[in-house]
Amino acid sequence: MGSNMYIDLYHVSLYVCVCAVGLTGTKYGCGGGGCGACTVMVSRYDPVEESIHHCAVTACLQPICSLYGAAVVTVEGIGSTRTKLHPVQERIAMAHGSQCGFCTPGMVMSMYTLLRNKPKPSMEDIREALAGNLCRCTGYRPIIDGFKTFCNKEQCCQNGEQRQISEELFRVEDFIPLDPTQDLIFPPELILMGKKPDGGQLCFQSERVKWISPALLTDLIQLKAQYTDFPMLVGNATLGAFQSNLKAHSAISFLVTFILSLSLSLSLSLSPLSAGVREVCLNEEFFTGFGKTALRPDEILLAIDIPHSKPWEFISAFRQAQRREFAFSIVNAGMKVVFRDESAVVESLDLYYGGVGPSLVKARNTCKELSGRLWDESLLAEGIRLLKEEISLSPAAPGGRVEYRKSLILSFFFKFYMQMLLELRQRVRVFNFPSHLAVTDVPPENLSALTQYRSELPQGHHTFQVNDQSSTDPVGRPRMHQAAFQQATGEAQYYDDIPAVKGELFLSMVTSTRAHVICVGQIIGAIVAENRELAKRASCLVTVTYEDVLPVFFTIQEAIEHQSFFEPKRKLERGNVEEGFEQSDHILEGELYMGGQEHFYMETQGLIAVPGEEAGEMELYVATQHAAYTQEVVGLTLGVDSNKITCHVKRLGGGFGGKVMKIASLSAITATAAYRTGRAVRCVLERGDDMLITSGRHPFLGKYKVGYMDDGTILAADITYYSNGGCTLDESSFIMEKALLHMDNGYKIPHLRGRGFVCRTFLPSYTAFRGFGGPQGLTMIESVLHEVAAKCGLPAHQVREMNMYQSEDSYTHHKQLFSPKDMLRCWSECLEKSDYEQRLLAVQQFNSTNRWRKRGMSIVPMKFGIGFSKGFYNQVGCALVNIYKDGSVLVSHGGTEMGQGINTKAIQVSSICLILILTPVSDSLCVFTSVESLIIIYIYKNRTVNMCLHALLHYSKPCKPVFFLYQVVEAYCQKVSLSATGFFMGPHTGVDWKRSEGTAYYYFTFGACCSEVEIDCLTGDHKNIRTDIVMDVGRSLNPALDIGQVEGGFVQGLGLYTIEELQFSPDGALRTRGPSDYKIPALIDIPRTLNTHLLTNAHNPHAIYSSKGIGEPTVFFGCTIFFAIKEAIAAARRERGLSESFNLSSPATAEKIRLACEDTCTTAAFSVKPEPCKPWAIDI
């Protein structure tokens, strides 16, 4: 970056250029166009229509050379805090739609572009505009709440107050109205340029690359003849996009598969131009291999001929992906059938499939055999048999999911069969065709096979308690995030936004490609170069020689076989488990596997290391959640004292635990490079490298044995937890301890034993993640309750309720005293607010009338410990309060702002103490308790003693605000200290693991969550219909921030339990290294209705203002989606006469859902015995 930026057209994207001129509001999230963080608006003048077209584009993929004649608007161009905010920026901020803020500029620009094209958008317009923008913090709901105000829709979440219960998180009346006349104008010089006759072709050339933009078709044909091996990157409008689909994604493109069924013909120009034009039929022979077609290097696609459909011709298409939008198809299909006139006899049939081979596949033999047959059930059965035999997949096929893909081949054909059957019946009924059509009736329950899920924007209802307080009291009010406006305008600075210093170098990591060091992805070297691109290119040139080391293993099962465990091994036990088993009516054994999860913070890890002027000094501008640990590691690495290392952390673009430990080693390497070269060094991990190196949430395997009575009462449970810790211990032992300490959740099981083993494998070390082992520990016991309910034939919520702690003075399995009162209140209110009983009956009614769609509901309680079970971790450092002579106040603390609103809450709780000082109470001295000004990792409320303020009161009586500045100056003149520090040592916690007892946590946070889902039994797709959450946050310091944390945690949990699937090769290499392979929840994945209620009249004597930590617990609530899916699968299996006990591991992906809904298609997919070979992916 900077004035000496190395220019290489091959890598000069629009993003690089906007950053080069200091427009850092455009963020770099993935480099592949998969997250939307770098969205900008590109505008062009169309001389034919004499209009201006606005388009939202991802700057990281847009070649700068392609933008000749276009105008580019970044987030800085539409508004700023120094001038005036644009309504889009204001509304996303005031609606609390910006937490960490890294995705916010991209969201703003997507919405801004929509408004430029359509000032009064519909809700569907908004959904489409934001489909490509990802957010890892908010859960999307507040973003939509802000943006839907442009639709003039009723604000269902902003309905004012009802006595002491409020539903208003922001006031629509306060918004700036949208005035399109105030938007930026399109540059007039570009309009004039567009109106002029074309000036000929453009040519840009660098050291390695030549970019040519021809103006005329004749120029293009000549260029193709001259440069036959050169790719044509951008075509004209739709034809260019069409040609790109044809050549780039032939095996997986849904568009290509569909158009094959249309029997299109392509007009191709030949080079030279005098050679004329040839026409080719677009069929399976057009695709000669993966990414290859029958197009010759010198040919150009000129036209597409789409024939009119015939009266008895029917076409349909199907696809299934990891999620319904913004994802490549796992399998797709295009199908066409032509019937003989006024009959149900097949004249011709075309079945095309994508994703089942290196190129598109036509089931040629199946189509031939089914032609001439009547469209009835015998044709369906024969078609399934023929397809199973004709289209085969190797167990090692790229992409994996072999059985699933086989079942989709058959499921899509079944859907097509049902669809055509319905079409034929409608023709008989509507057009009164002869009865000799002999078309079979479609049973009403089978119509569900034909319905498609519609993507809808999430709606929500929220309630929180309004406390009786002064209008000047800021605590307990839904205040906007302190930096929301700066984040919405792109002014908020992250570490990579800091301008390059003179002489700055760039560092790129070299990682192991084999696990024979300790893992694939281990950092084994680093390259330092003059700029970012050179460092990346150089690191790819490094060759490494490896020695084979055996054994090498990666999975939990393999670690158990090799007895490869880290120390310490942990155990907790209450009662006598063996005695409990003897007293039980039944014994049940089972297991549950939970996959890991990638943090996918929007801002990747990195830092800038700047050597100081004196020996050993180092300034680090670093994205860390634990600055003290980074400081310590860097000091030890450089051999200097920690006091010479300064860490600057302004804010993080998301963290979730992933920037606690791993960033320290990256910092040490980068600081070493800066120390050795004497120059500043910048390191910014690419998304793929970040995912490979830093790892994420631990995969867990829980094996359980449970004893229970006929009525569902659980007497004894023995659960063994295994986690995949990776190659080093990291924080795995603490995470396992947290899982064991949460294994009881809210249930009083008299005899309970848990054992924990951290497996040592040859994978990158797993690390801290939001929830810190709590979700894994809680999910295992919930699985036990779920299976017991199924075995007893009882509703799961009844079994859960009868086993809950009830006594006011209850003891956990580690003998910590607590009261379950608020947990039981959350449970009761969640049942009531979700209308659970009535909706459960509606679910049962739906399932009875829909064979291929099933619904399920699940409700779970939660008891979540706040703090660390090791007491010394609970000291959260110091805070400093400075009062300046102008009356302003600065509160400094050791916390990290990463979207949770720590600074906002610190300002709120500090302000209330200043308000107390400024309010005249009496002539006597005002005495008040300490103030909270530090909120670390959502947990503790550090209390800074306001010594400076207290001293000021000693100096003078409380005064009116107008005299505050005078009193401050007088205190300064009298040498009264206007600064004070405070330290919060934290509570005494600890666990005696030998005696299985101890006060592990400062207090508990409680909650309950209910979710309803619907699954497609034929594809495994599912739709999240509704979620209701009741959460105990004590007395909320800021309801808007707390509701945002509740919903954001839940949506992250939704991903953990459903779509976020990490895949590893048999050699231990991570295959899912970016948003194209790894899917976090997008806007369409959020429940259609998401209601959040903060428990009223809740108190917490252990924290400031009776508040509670809230950021960690609600990730666990994603399990309600998982268990609701399991209920829906059970309903499908019950209808088919199958056992309702079945294994379903987490995440419950479309693949697992489909294969669990056993039917003819899945049976056929498994009927062929696979040949032994190395699988494409392994379960770790």
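Numbering starts at 1 and runs along the chain as displayed.
Just so it is clear, glycine is given a Cβ too, placed from its N, Cα and C backbone atoms.
The feature active site, proton acceptor is assigned by TrEMBL to GLU1112. If you draw a 10 Å sphere around the CB of GLU1112 (active site, proton acceptor), it holds 25 other CB atoms from the protein chains shown.
Residues or ranges marked as [2Fe-2S] cluster 1 binding site in TrEMBL: CYS30, CYS35, CYS38, CYS60.
Annotation source TrEMBL lists [2Fe-2S] cluster 2 binding site at CYS100, CYS103, CYS135, CYS137. In sequence order, CYS103, MET107, ILE143, MET602 constitute the residues six or more apart from CYS135 ([2Fe-2S] cluster 2 binding site) in its chain with CB-CB distances below 8 Å.
Annotated FAD binding site per TrEMBL: LEU301, ARG319, in sequence order.
Around PHE656 (Mo-molybdopterin binding site), a 10 Å sphere centred on its CB holds 30 further CB atoms from the protein chains shown. The Mo-molybdopterin binding site annotation in TrEMBL covers GLN625, PHE656, ARG770.
For PHE772 (substrate binding site), applying a Cβ distance below 8 Å and a minimum sequence separation of six or more within one chain yields GLY657, GLU731, PHE734, ILE735, LYS738, GLU1112. Feature annotation from TrEMBL assigns substrate binding site to PHE772.
Feature annotation from TrEMBL assigns domain '2Fe-2S ferredoxin-type' to 1-78.
Positions annotated as signal peptide by TrEMBL: 1-20.
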Separation of alpha carbons, ARG319 (FAD binding site) and CYS137 ([2Fe-2S] cluster 2 binding site) (Å): 29
The one of CYS38, CYS100, CYS103, LEU301 whose CB sees the fewest other CB atoms within 10 Å, among these binding-site residues: LEU301
Cα distance (Å, whole number) from ARG770 (Mo-molybdopterin binding site) to ARG319 (FAD binding site): 33
Sequence-distant neighbours of ARG770 (Mo-molybdopterin binding site) in its chain (C-beta under 8 A, six or more apart): PHE656, GLY657, GLY1049, GLN1052, GLY1111, GLU1112, VAL1115
Residue from CYS100, LEU301, GLN625 whose C-alpha is spatially nearest that of CYS30 ([2Fe-2S] cluster 1 binding site), among the binding-site residues: CYS100
Average model confidence [pLDDT] within the domain '2Fe-2S ferredoxin-type' (1-78): 86
Cβ neighbour count (within 10 Å, all chains shown) around CYS60 ([2Fe-2S] cluster 1 binding site): 22
Fewest other Cβ within 10 angstroms of its own Cβ, chosen from the binding-site residues CYS30, CYS35, CYS137: CYS30
All-chain count of other Cβ atoms within 10 Å of ARG319 (FAD binding site): 24
